[in-house]
Amino acid sequence: MASVGTLPASSMATKQSNASICAEKLPEGINEMKIKDDKEMEAAVVDGNGTETGHIIVTTIGGKNGQPKQTISYMAERIVGQGSFGIVFQAKCLETGETVAIKKVLQDKRYKNRELQTMRLLDHPNVVSLKHCFFSTTEKDELYLNLVLEYVPETVYRVSKHYSRANQRMPIIYVKLYTYQICRALAYIHGGVGVCHRDIKPQNLLVNPHTHQVKLCDFGSAKVLVKGEPNISYICSRYYRAPELIFGATEYTTTIDIWSAGCVLAELLLGQPLFPGESGVDQLVEIIKVLGTPTREEIKCMNPNYTEFKFPQIKAHPWHKIFHKRTPPEAVDLVSRLLQYSPNLRSTAMEAIVHPFFDELRDPNTRLPNGRALPPLFNFKPQELKGASLELLSKLIPDHARKQCSFLAL
């Protein structure tokens with residue numbers, strides 16, 4: 001069994017003199033930990049009152065393939081997220097000085113954790129990476145899973161709010177960068193791994209405010225969708241829910257993420273949500289006010305059980321009238337391709353990436369507003385490009401970036 005434990009901050013003073021200790025406390029319920037070893041994961045963890053601000057969590061990882069086990073110590077710093085799932089807190093690795101995010105979720109002992117299984121499949125520059133994980137228990141014998149993730153300081157939600165509060169529009173270069181990277185993450189999880197995220201929203205899109213690299217996070221709702229197998233329809237946050245989910249469809253596809261991405265793009269252009277419904281029905285009303293009443297054929301594509309339902313007949317509102325007149329027409333066109341009633345008519349994530357709206361990102365002379373280089377956009381892996389036509393590849397990877405994809409014979 002790996003050795004685990006906690007130490008008071010004072011006993012590690014020499015290691016963490018530069019660590020900032022925040023006044024904010026973590027919930028007391030997770031401060032009474034017992035040892036829990038997970039044989040399958042070969043990563044153990046936490047003993048004692050380890051997650052109170054300023055306390056040290058000591059865990060042992062590794063030991064696979066004859067490698068020596070390694071002790072890692074984390075100092076809990078502050079809560080960065082809270083929800084029905086549990087909490088996310090920021091911590092500092094005392095050996096390396098690296099800041100991490102630790103997501104702590106209640107684990108049903110009868111099941112494997114789907115989020116953990118999903119995270120282990122993922123390796124992509126636009127997806128938050130899992131460093132390692134450990135289990136812990138409270139005195140009530142509740143089991144918690146702790147996912148140690150890379151820390152990214154901002155979210156697209158907060159960046160967008162910053163501009164809207166200042167009564168400004170987000171610079172279009174950022175809209176392009178964020179949307180491109182969202183679509184690239186989706187192309188990878190949909191095509192490369194077969195996973196549907198099911199909760200795409202600005203709060204789940206992390207962004208580095210210096211490089212503007214975006215990383216998709218929170219795979220707590222993610223699932224590998226299997227054709228013919230039903231799924232729950234009450235999934236995804238309301239403003240970003242695809243209409244087939246509102247109609248109660250259970251055999252939906254990864255195109256629900258595409259709808260959500262379209263909602264995010266529209267929100268970045270508008271400075272506010274496009275479909276701000278107060279309830280499920282109200283959400284549908286907001287969508288109909290923009291897209292018009294769905295045709296019988298479109299309803300059939302979303303949920304065949306509703307084809308006889310009588311909807312108020314409303315004409316579609318022209319897309320160009322929804323956005324500010326200075327909004328690039330390519331942006332409006334892309335929104336219209338992502339927000340289609342019929343799931344099979346929505347652009348795929350890969351089709352979205354090659355849309356002309358993103359041509360500026362493929363120009364070797366394009367820079368961030370501060371003059372810095374753009375974040376990595378073309379470092380594709382073979383897994384991302386499987387099945388892509390030569391025509392698509394030629395649009396996807398500009399000449400100046402071909403060296404990054406040396407495995408392609410372009």
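Glycine residues also receive a Cβ, built from the backbone N, Cα and C atoms like all the rest.
Per Swiss-Prot, the features are as follows:
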DOMAIN    74-358  domain 'Protein kinase'
BINDING   Val80, Gly81, Gln82, Gly83, Ser84, Phe85, Gly86, Ile87, Val88, Lys103  ATP binding site
ACT_SITE  Asp199  active site, proton acceptor
MOD_RES   Tyr234  phosphotyrosine
Measuring Cα to Cα, how many Å separate Asp199 (active site, proton acceptor) from the residue listed as 'phosphotyrosine'?
11
Please report how many Å separate the Cα atom of Val80 (ATP binding site) from that of the residue listed as 'phosphotyrosine', as a whole number.
26
Widest Cα span across the ATP binders Val80, Gly81, Gln82, Gly83, Ser84, Phe85, Gly86, Ile87, Val88, Lys103, in Å?
14
Listed in sequence order, residues with CB under 8 A of Tyr234 (phosphotyrosine) and six or more positions away:
Leu245
Largest tally of Cβ atoms lying within 10 Å of a Cβ, found at which of the binding-site residues Ser84, Val88:
Val88
Return the residues near Gly86 (ATP binding site) by Cβ distance under 8 Å, restricted to its own chain and a separation of at least 6 in sequence.
Lys103, Lys104, Val105, Leu106, Tyr144
Counting only other Cβ atoms and using a 10 Å cut-off, which of the recorded positions Gln82, Asp199 scores lowest?
Gln82
